Amino acid sequence: SSIQVQVPTYKSYNLIGNFYTKRIQHRARGILETSTVCQKSNTKFLVNATSGHPLESEPKAYPNTPWNSAKNALDAFYRFSRPHTVIGTALSIISVSLLAVEKLSDISPLFFTGVLEAVVAALFMNIYIVGLNQLSDVEIDKVNKPYLPLASGEYSTLTGIMIVTSFSIMSFWLGWVVGSWPLFWALFVSFVLGTAYSINLPLLRWKRFALVAAMCILAVRAVIVQLAFYLHIQTHVFSRPAVISKPLIFATAFMSFFSVVIALFKDIPDIEGDKIFGIKSYTVRLGQEKVFWTCVSLLEMAYGVSILVGATSPYTWSKVI
């Protein structure tokens, strides 16, 4: 299509020229003002971002009251303690303790006291292990888990050291005071393997090697937790001879599969940081999708065997479940 253009006269040309000159100058001033505002906003954004505070966290937005300080401290410790491991440890100990119950009268205050002693001592040791792992992985966690207190800067290295030291001492102290050798040895072996898994010393930091890392987790979750805490209830609480029952063998076998899955699954979301810092996990070597479906297959096998064991049980309630 064509556009007809009417050429203006000299006078009208001057009027039009003056109009557009003024308009361009006005637009230019607006752009400069907008640019200045954007620069100030950008500077403010960068300052807030590098300081680790949310954009809306102005000084008066969240007053530093004792209640807010206590809430923030509890939230930081909650994240530091890795609550999913705390829940898993507590449920494991309670369930394996119930395997030692033979009759209804065994459910007594003595039983609950023994379980509580085991759970508290194990949780103290659990916090030591996950805390030490974070102390050893600060740079990796800045990539993989920037929300953790040490990675985000909420906790200093000294604070982390004080927490893990105090919780390891409290764990051993409680195990010693209780006087149960199965409990004490469970804590000691967990301490040794947890330290060797994480700490960055010659011949240690076993998490660098996929097979050794998986064996550490399997040893603690599948063997130590099942056998030691069962024997704690069986021998120390009920004062019965140490007997390895069929339910205990089944639980240990099932948790062996489950612990391998834990060891593999936990590395799937951490692939970026592990690649950067040379952690040769199976996820890094084989890829996330392959490891994911391997874990699913292992779980299907474990649950499939469980269904068969339950279906062939002489107990009706076990068949139903």
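From the backbone N, Cα and C atoms, a Cβ is placed for every residue, glycine too.
Automated prediction, rather than curation, is the source of TrEMBL annotations.
Positions annotated as transmembrane segment by TrEMBL: 84-101 (among others).
Summarising the annotation, TrEMBL assigns transmembrane segment to 110-135 (among others).
What TrEMBL lists as transmembrane segment is 155-176 (among others). Residues 76-77, 80, 117, 120-122, 124-125, 127-128, 131-132, 134-135, 138, 149, 183-184, 187-188, 191 of the same chain sit 6 or more residues outside the transmembrane segment (155-176) yet have a Cβ under 8 Å from a Cβ within it.
Here the transmembrane segment (183-203) has long-range neighbours at 117-118, 121-122, 125, 128-129, 132-133, 135-137, 168, 171-172, 175-176, 213, 216, 219-220, 224-225, 228-229, 232, 236, meaning same-chain residues at least 6 beyond its ends whose C-beta is under 8 angstroms from one of its own. Taken from TrEMBL, the feature transmembrane segment covers 183-203 (among others).
The transmembrane segment annotation in TrEMBL covers 209-231 (among others). Sequence-remote contacts of a segment are chain residues at least 6 beyond its ends whose Cβ falls under 8 Å from one of its Cβ atoms, and for the transmembrane segment (209-231) they are 89, 92-93, 96-97, 99-100, 118, 122, 182-183, 185-186, 189-190, 193-194, 196-197, 242, 244, 248, 251-252, 255-256, 258-260, 262-264, 280-282, 285.
Per TrEMBL, the feature transmembrane segment maps to 243-265 (among others).
Annotated transmembrane segment per TrEMBL: 291-311 (among others), in sequence order.
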